[in-house]
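Everything on this sheet refers to the single structure shown next.
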Amino acid sequence: DDEGNGEGRPSSSRGSHSHSRRHSRRSRREEVQEQAGHIAKVLQETGRVVGYDDEENPFGDENLSQAFVWHKKIEKQLEGGATERAFSAEEVRQKHEERLKEIEQVKKRRLEREKELARKQEELDLQQKERVLEEAAELEQRDEGFHAEQVRIRSEIRLREGRPKPADVFYDLLNGVSQTAANLQEPFAMLEMMERSDLEDLEREVRAHAGLDAHDEERSQFWRAVSLVCSEEAEERRRETAAEEGKATGAAGEGVHSSLEGDIRGLLRGKTVG
């Protein structure tokens with residue numbers, strides 16, 4: 001019995017010590033958890049992000065007002081021997097500033113992305129506008145070319161049918177489609193008998209013919225001369241109308257400059273200038 005009692009006593013002692021250590025560890029863990037909870041609460045209260053709230057912030061974070069605290073990390077630091085002074089206000093302030101910087105960086109990147117998207121959209125809008133203008137210009141050019149070609153075709157038809165208009169006569173003088181122009185001694189003389197409205201119509205048709213011959217300098221020079229004579233004759237009709245209505249304000253103009261008149265007449269007779 002004594003041996004049994006002797007052997008039993010150490011066993012009871014070891015169990016008591018083991019129980020005491022477990023109790024001590026639990027107490028320490030509970031103490032650390034309580035201390036960590038207190039520190040975490042303080043950090044959360046002092047680490048709020050100023051300038052943002054849970055409803056409106058760049059992160060879409062509904063818990064932004066609650067500063068992030070790594071509870072388990074605090075426990076681990078405390079168990080490792082750290083004191084509450086390790087979680088000082090200075091450290092909290094630094095972490096708070098770091099978080100603010102991160103938020104500002106996110107905000108800055110978002111604004112930069114928005115600006116870049118706006119710039120790209122503006123470029124696309126400008127390119128689209130340029131394409132529309134180019135297409136409109138091409139369409140207008142094709143329309144002008146089509147109408148000018150129709151003027152040429154109609155002139156040739158009227159010449160062959162023997163019912164030419166004044167513009168057809170000048171076209172025939174240049175291209176020899178018929179004998180109409182060849183039979184006229186002074187083609188420009190017919191302009192003197194035309195009314196102002198007819199002269200204005202003639203000017204429009206002359207411009208159409210000039211557009212078709214724009215690639216040829218000699219032909220362009222011819223049509224410029226015809227246009228100049230038409231303009232002068234139309235202006236003369238305007239002066240006559242004003243004089244008849246008693247609205248003339250001065251002497252009539254001298255017409256086409258005398259130094260050009262001979263050249264124009266020569267061109268209209270099929271001669272070259274100079």
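The backbone N, Cα and C atoms fix where each Cβ goes, and this holds for glycine too.
The coiled coil annotation in TrEMBL covers 86-139. Look at TrEMBL and you will find 16-27 tagged as compositional bias 'Basic residues'. The feature compositional bias 'Basic and acidic residues' is assigned by TrEMBL to 235-247. The domain 'Splicing factor cactin central' feature in TrEMBL is assigned to 132-273. For 1-58, 234-274, the entry in TrEMBL reads region 'Disordered'.
Note on the coiled coil (86-139): mean pLDDT across this stretch is 83. Helix, strand and coil content of the compositional bias 'Basic and acidic residues' (235-247), in residues and according to DSSP, is 10 helix, 0 strand, 3 coil.
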